[in-house]
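Before any comments, here is the structure.
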């Protein structure tokens, strides 16, 4: 079904079709013979979708729209310095076919006037005109995503009548700008101008430019990114003949027009636009082409100086580990320390594209807080793209914070900043990189605890009799309980229980560390909780005789005391008092965990 | 502490200070007498922070940098059409002080050459030169955020020697471009050029332009957004005298320089840059000013044709309600229907800035799925900004989907799209707007259930004896249980229990609907679950004798059967069999809820 963009394209097309101003180029019969009121409008996206209106598949010769593409190939063949020595990039304020050079530099003013375009053609590498033309044709074809061909009739007609361009060629030769045979350069230029394209081709060529030089359909590279930037810059100031200033003010897109009636415009990073309508205005630009681009720019808000809002900080939200604790269970003393000193570890969630301005604001804010912090975590999971300067800014800030005693870590599961992720268990002196926020929050807590908590830290092991979850049992109840227990050991990485398995008992952790995890929508493993000696799991599943909700794995060598499922069930009849006592204590722990999970989910952005 | 931007600024400043090329302007003694090697570099952000290097507080006259500001004021005073009738916007390719008009249009080529600038000055409204100048001075002061003043010595010196500009004034008068006294217009121009600014001032003036015309420190508006766009466009093609093309290619920022040694550059939406260094090149641009801007553009990746990556779809993730159900508890038949038909309701999470290109891809993808869907929810909570065209595209898409029988809703708690939010309980024919994703997911489920589930829907009321949670009790247990029950009623909106209150019993819902909610970090109320007749709450809190984790409110008139806390406790002694039977059934329900919550959190982005 047609969507709203089709509607907008149709509206603009209808508006433009009413306009009968201008006249078809008539300096050669082949151009004068085209139907004057033909009209096509295409928009190509950087994912390769093309909106078409009118005669989008009608072929016409590319003419001057070829100039930026040959200029780009000349840059690729010779490098920007060698090209700059032959052709300037200044708007000329003069007609495109002027037989003159800049009086000061003695070079063509820019590559978009004929003198500059013939110079570009002369710079294309190749053994002879045929090979050089074939390289040009293949280059244009990469932009279009299909094999383009030359229109012989138009070429021969241009070659027969192009005295003015021959004059320019010889002028260029006389000033030493063109060093070979000037007729060859002019011939090559005539050939490139005679390549047939459709409006759809031009839109895809523009989209290839918008897409940093990569064709969005074939994914073939047509030109390197730096060269695309230079070509677009020259199109901005010189692309619309001597109406470039008005074009920038009204339309605000780098563009190029041709006397064949085509106009091509580029919104970098976003879309390519092409219009075909042969009637030209006094500048040599397609009347409806200018009108259609101007209307689209207004309606779709494409003007490159149009900014919907000022840059904002890249910081989406921030919180301390006192506000949003990790899922690592802690001893009472540890919890007290964390509630007192947890505001000395702060987590910053960044978002959006991390370019200079957004990174600057974020770095400034984090640096300003730095003196009051022992640990900073920078969570870049919501960052879509990072510029090189922003990456350097983050790294430099981390180094500066570290110098002042504030440790830093990143949450960067996709390696956006190009650094290696670290295990939560291994200390990495050059700044940590975590794959999830919870591991980073736990690391923050450990930093704070190492600095402020010296007693009653999580024990390395507990005896069953000292297991805190059994503390409320009477000694008779404990003795009865101990009879039912099985001991189990696991090595690091081993699976203790799996999501979906039927509950197999209540597990009391005596030694080592285990984590429960879940696989998310993206197929990534996410930690739900990490347990240390003195903690337990499996009680809820057991109570309700349901399958496990999580995978549980040993993070280290682990020793467990397990009350197996069937023995737990039997307690209802054989020792109901013991069972109720166990249940109340275990449920209270599960309840506290739920509360903590709810608090941290509510606090972290987008948790609900 | 200095951050990495200070370091980059210092590096660029050190590099530029080594450059001794160029000469100070000497056409009037006051300009020739400034210290030639003075240097300052400032970057101002759109939140008003200024990075300063060198003599950032040294005053110098603004000279030609005044031109875009007066042009902007002329646009505000007269409107763009009246200004366009007097001055073109084409790059001239000629020196700035040329005594000539465009031979075809007989207008000054653009407002950045002297002829165009004097024309702009002549267009400023006011009773006399003094009043017009005061309006100009106040206008510039709004950009700078402080009261600027005129340098009398420079003004008198310019007024004494400015014959060339007087000649331009009379030429403009002779062509009817200036209609009043041309000497007044030229005098006004001399005064505006003689306003003293510092490098810091210029950076803030540039930042005001970057900030859509609003001073980032005072928040005063200096110029309307549309006019800022036009001024920046003209600066792009004409701002750097006859080196505009090279500037765009190398620096890629709209800019303006002055013979006083200042250069001002703008990255729209992001930052303003200013450099002060009096030695000028052959074009009249500050040598180090050009160098510093070029270096900053490269190092900070500021070139406006620099695109780090192509536009991507605004869709961050998508899922069906079969994959991520709402927290509304459902009957078994309803659950079966939802697992069978839940893929006919799809939730799309959008993110980033919703401009044309991103919206286009999203609309295309959603529309393509439309034929297979009964309900679509568009979640725009992660959208930072919406352009007008994107807003229209979303609305048009909703209308088109609706025409094809697919109902649509938005999740838009902040009213980004400007539509009124709806209650989950009230049907709103023009497309729903929800404040949270769960209410929207419930609405989706209701749409699917209304279309595909015709039996065993959630009842409007249940008798206590039919309450599903009591179904496993023996008739003796039920009779014993019924003795302990209290009946309670609540009206719509009434609080049933509050977070933090001690558990007050197990609540069996017989009639009406209740919701548990939580207040998040942003102070917003978030729904945790909604319960219908036949469901219960409070059992977990009761079991562990802990305070409630949620607020619970009546969404409608409600009837509850409550087993009060103390009677529940007494059951341990008086009826342990009944208590265990109750516990197991209630815990199973709580466990299933946790599982459903975990699944939907894991699936929705950023949930962990």
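For all residues, glycine too, the Cβ spot is worked out from N, Cα and C.
Curation does not apply to TrEMBL; its annotations are automatic.
Among the features that TrEMBL reports, substrate binding site is placed at A:64, A:114, A:158, A:165, A:189, A:241, A:259. Proximity of residue A:114 (substrate binding site) to non-local residues of its own chain (separation of 6 or more, Cβ distance below 8 Å) is seen for A:96, A:97, A:98, A:164, A:165, A:168, A:189, given in sequence order.
Residues or ranges marked as domain 'STAS' by TrEMBL: A:347-411. Here the domain 'STAS' (A:347-411) is broken down by DSSP into helix, strand and coil counts: 33 helix, 25 strand, 7 coil.
Annotated domain 'Cyclic nucleotide-binding' per TrEMBL: A:469-589, in sequence order. Helix first, then strand, then coil: DSSP counts for the domain 'Cyclic nucleotide-binding' (A:469-589) stand at 41 helix, 43 strand, 37 coil.
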Check the domain 'STAS' (A:347-411) for me and report the mean pLDDT.
88
Run through the Cβ atoms and count how many others sit within 10 Å of the one on residue A:241 (substrate binding site).
25
Counting only residues 6+ apart in the same chain, whose Cβ is under 8 Å from the Cβ of residue A:259 (substrate binding site)?
A:25, A:27, A:31, A:63, A:64, A:280, A:284
Max CA to CA distance in Å over the substrate-binding set A:64, A:114, A:158, A:165, A:189, A:241, A:259?
20
Other C-beta atoms that fall within 10 angstroms of the C-beta of residue A:158 (substrate binding site):
24
